[in-house]
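Notes to accompany the following structure.
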């Protein structure tokens, strides 16, 4: 077996270099990686470097954290897995003993070791990687490893929908129909919502939202978003508004779209300061931020396996590992056409 990994040489340039095959610790599994999804955070890292720059200027930077593959070796204390098992991973490994971890909120652990970011900047764009057994999940027989890799962004949408307490009968507005917006749409449908409006400015994304079950799609570049959403909610406002675009524009719109006593869920990463009209939310409106996920992989895997959550239809571009530079360049320059890109590492 030979190994290599793709690293960020400088912003805008990926390079594939040789690497040692890691040896699993007693509680780890060694995984042959097959697919890695390209996340928006990876694209940002490719363009500008990590959100949080490493303290060491010579730190090697890996990208990629949405991955799945096949177990090829296990540590001495591993009991749940054996070579040949197809698996995916939660890319964040928390400390396990802080207040947040003990409360089950390990996604906000201050010492979490999350792939492709601090402290180790270890990416998933490699042939082989080791991961703790406790954050590794076996895939059902009817799920392939491409779907397995996309459990990670799907879990973000599922976490957002479950935090928001989505239920049948609630009207939902989703601002943004990128990958996370579409994952949130499907999570809401899995939880019983049937009246869901999705807003975006790109027709291809809106067509995908309609294909995946949106009740109403609104092109914010051509229509008055607030007026159309008021029409959708019969001037009542939505029970829940999900901001998934990470845009100051959509954050500003959200208070005008939510009902009295409703919820605004900030799922996207919004840069800098954002103006919010607090007079519009001075009606017992809850604003909740969403950060990654905690304890959502099992329910997300089940939803995909059952056919209720379709991640594969969202994949518009598949790249070979050797074309990793092209994959990231197109992810930067072809955002209008790419809904979800994945990189095939190995068969």
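Cβ coordinates are placed from backbone N, Cα and C, and glycine is handled just like the others.
Swiss-Prot has this to say about the protein:
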type	residues	note
BINDING	39, 65, 152	Zn(2+) 1 binding site
BINDING	95, 98, 101, 109	Zn(2+) 2 binding site
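Structure coloured by features recorded in Swiss-Prot.
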residue : record                : DSSP (3 states)
39      : Zn(2+) 1 binding site : coil
65      : Zn(2+) 1 binding site : coil
95      : Zn(2+) 2 binding site : coil
101     : Zn(2+) 2 binding site : helix
109     : Zn(2+) 2 binding site : coil
152     : Zn(2+) 1 binding site : helix
Non-site residues, in chain order, whose CB comes within 8 A of the mean position of the CB atoms of 95, 98, 101, 109 at Zn(2+) 2: 94, 96, 97, 99, 100, 102, 106, 110, 111, 112
Among 98, 101, 109, i.e. the binding-site residues, the one with its Cα nearest that of residue 65 (Zn(2+) 1 binding site) is 109
Inside 8 A of the center formed by the CB atoms of 39, 65, 152, which other residues of the chain have their CB, for the recorded Zn(2+) 1 site? 37, 41, 42, 64, 66, 67, 91, 115, 116, 124, 153
I'd like to know which of these binding-site residues, 39, 98, 101, is least surrounded, judged by other CB atoms within 10 A. 98
95, 109 as binding-site residues, winner by CB count within 10 A: 109
Shortest C-alpha distance to residue 39 (Zn(2+) 1 binding site) - which of the binding-site residues 95, 98, 101, 109: 109
Rounded distance in angstrom between the Cα atoms of residue 101 (Zn(2+) 2 binding site) and residue 152 (Zn(2+) 1 binding site): 19
Measuring Cα to Cα, how many Å separate residue 98 (Zn(2+) 2 binding site) from residue 152 (Zn(2+) 1 binding site)? 24
In sequence order, what residues of the same chain, 6+ apart, have a Cβ less than 8 Å from the Cβ of residue 152 (Zn(2+) 1 binding site)? 37, 39, 65, 66, 67, 88, 90, 91
